[in-house]
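Have a look at the structure below before the remarks.
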Amino acid sequence: MKCLLLALGLALACAAQAIIVTQTMKGLDIQKVAGTWYSLAMAASDISLLDAQSAPLRVYVEELKPTPEGDLEILLQKWENGECAQKKIIAEKTKIPAVFKIDALNENKVLVLDTDYKKYLLFCMENSAEPEQSLACQCLVRTPEVDDEALEKFDKALKALPMHIRLSFNPTQLEEQCHV
């Protein structure tokens with residue numbers, strides 16, 4: 001009985017720890033993700049990360065630019081103080097090709113889950129720091145059109161993650177997301 005209680009206690013302690021994305025893309029070619037992208041869908045572990053137009057992780061990716069050093073420059077737009085602001089984030093390469101380190105938007109990692117390079121890219125931003133662990137993911141597409149295949153892959157990837165809010169955008173919204 002003592003062993004059962006100990007095992008149960010350990011299981012609960014481990015389950016309450018970090019929100020961890022375990023599946024990232026193998027063999028990411030960072031040069032192939034370069035170019036214009038549109039945020040088709042977003043999801044987050046905490047409703048407050050996306051619920052309002054100016055929510056902390058409600059960002060609209062505009063362009064991905066690999067740097068000569070192998071890092072990834074992310075150009076995005078975000079609502080701040082009632083207007084659209086352009087931001088640039090440098091995601092530093094790590095030993096894992098699909099994982100990047102960032103120090104922006106209160107997040108500390110960008111993880112590429114999947115991409116076909118031509119139509120869609122799925123990624124998550126993770127903050128594993130205590131006590132405010134959080135996870136926000138996006139489905140990016142190359143054109144301002146709804147891509148059902150990309151959305152299916154996004155929904156499949158989210159099944160294993162603790163998401164509590166999900167937003168998706170129609171073609172008009174994709175065109176008008178947040179223009180500077």
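Each residue, glycine too, has its Cβ placed from N, Cα and C.
On a predicted model such as this, the values are computed, not experimentally measured, just so you know.
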Second cysteine of the disulfide that Swiss-Prot assigns to C178, among C3, C14, C84: C84
For C137 (disulfide bond), the one of C84, C124, C178 that lies nearest, given that the disulfide-bonded residues are compared by Cα: C124
C178 (disulfide bond) versus C124 (disulfide bond) - Cα distance in angstrom: 20
C139 (disulfide bond) versus C84 (disulfide bond) - Cα distance in angstrom: 21
